[in-house]
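What follows is a set of notes on a single structure, which appears directly below.
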């Protein structure tokens, strides 16, 4: 076999993945973090290569390890960072990230600047090598980049504390980006210092701002373009996954080639995929895409931690006692600095997004592990020809030592820390909810047990062993004692119950979206409303964030009063009606769904009754709006319900085809053709416009008695000057005495009119075809107050234009005069 570079790289990748699979199989039994084990194995392999053991007994492995040990540090960054950064950001809950972004930003920017400055001071005053300030700051930046992958993995496994996980991961993402930016700036300063050049703090600050902002812009622009592309693809995982991979690497490369932050660009891109991208990516592809990136990140972490171990053992000089003493001082120093950085920011952290507890602050402090980013930056320094070799060796030794010590000591002891802080278990209220669900599962199994015991094919089973292995030997009453109700306050149980209901509601919207019965925009709005209700104390009702979609927003109020933009305002208004109906329908279906979960999740009967009442309020409010739409825009409701029915049947058709495939009634090629045909119809259905449309002026005028006898040309002129306007229920249309000159025709909906005559106030209800503001043609002011009682589509004839037409057509003038007569006499 030829031992060329390509073959050796292939051998290393294959060997690393096999080692990773073996470690993952054993890691639970040995109670050590996965990354700690991989780093240790990498150190052993690198050491064996260094002392010549592999050269003597495994020459091919020796060549492979030698090639890996000489890898370009820039390649490490360009090869692994896009994958690790994209997967980490893509797996975040965007809503939670947005909520605690202030905390993340505090830790990642001011926190890192504090850590960099203090580490630089430590290096300047405690290291025996008399480094320059530029070199100390560069070292402080590279050694302050955190990599808490082991800690986050442990948290996900033992306690499911999403806020803490997001805080750690979010800080690491932005922290790495900030560290690389600062390192690049300070590294340039170091090189300039070696060349006897100076650089100002102002220029460093300006460069930092530009690098971060431009990186963000690159990510957002690329994300927007790829979202448009993916939005036009229907259920093609090959295209959608390929675009995510290619874009992640391309964005990183473009940003770095422009000398801006590649990490910030990839984070922005991934957050767009995780946010608005969730409804752009085909529902059938979404879960697979997450699993794919999870696998990519696992492979990258496996390779990179083995690689880091090999690099450290192969390239770092271990024979200088002075360096070992300095490493000990540095390790203790960075722990103190990390503690101080978190402590000094704690008052500010407590002010944002629910604050931070002492226990979580300790996890943040001890979880500040160092990893591949720091080592790659140290290797860049070690390979720089403009720096003295001893400086590069010193930086590489210290960085490698800190990476190993932080991962081995901090990483392996984190489970003990979590246990001491009681963070290795669910919060009591959440655990009570889980216990109740477990009891329901047990009850279901106990009901099934007699049927199984009576099955003729299972009569020979050892039912005591069956009960023992399924946990059914232990009575339910005993399980109840695991978490006594008095250990958890009723308020905590209520909050946990309502939060769980809202999370169930959010998931139901995604299920509706996956079935195709809920559109992209309406899904986003409904999920956003649930996440808003989850902020702080969970809120079942009322849902003001949803109700606002059933009202005319201030911007449309403004637009419809601006000449030249009125038509755009009308179009946006009708689009909003369509969105409002979809939201209302999806919301009421979710409320029906929630009611079915109340008996199994409610902590007590009182809370169950209270939540049922809140859900009933939601349903009543929503049903009122839907009925308004049915009465005002029956054609829209008909179209949307038809669309939903078609998609439901197409979903069922696809499911039946897949069932027949699993039962071998259909062969795979036949089933594939059938599914393709069904999905083509789904794609066509998705492209069909389902927007509400304004009433046709021609249709309305043909139904008005005073228009029927007008000349065709006059009717056409009237149609040209008509202006559409849409009003929400309860919205005031015109106020009495205000300047107004025109004639309104109600196309759809109803209006409450309050008109004044001889000091008295008269109230009447106006419906489709009736006129509004007739006497304004005489007075130039509104003759009364007019309020929309439902959704109202109004057609306005502006007074000045109508006056011009009346001057040309006496029949029109006579018809308008007849309209004014009864209004004037009243």
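Heads up, residue numbers simply count up from 1 along the chain you see.
Cβ coordinates come from backbone N, Cα and C, glycine included.
Nobody curates TrEMBL annotations by hand; they come from automatic prediction.
TrEMBL assigns the feature transmembrane segment to one of the listed ranges (361-383, 430-452), namely 361-383. As stated in TrEMBL, the feature transmembrane segment covers range 260-277 out of the listed 242-259, 260-277. Here the transmembrane segment (324-349) has Cβ contacts under 8 Å with residues 103, 106-107, 110-111, 114-115, 118-119, 122-123, 126-128, 143-144, 355-356, 361, 364-365, 368, 397-398, 401-402, 405-406 of the same chain, all six or more residues outside its ends. The helix, strand and coil residue counts that DSSP assigns across the domain 'Cyclic nucleotide-binding' (706-783) are 17 helix, 33 strand, 28 coil. When averaged over the domain 'Cyclic nucleotide-binding' (706-783), pLDDT in the model lands at 82. The listed stretches are 34-53, 73-92, 208-230, 260-277, 395-419; of these, 395-419 has the most Cβ pairs under 8 Å to the transmembrane segment (131-155).
Counting Cβ pairs under 8 Å that are 6 or more residues apart, the transmembrane segment (395-419) and the transmembrane segment (298-318) reach 3 or more and are in contact.
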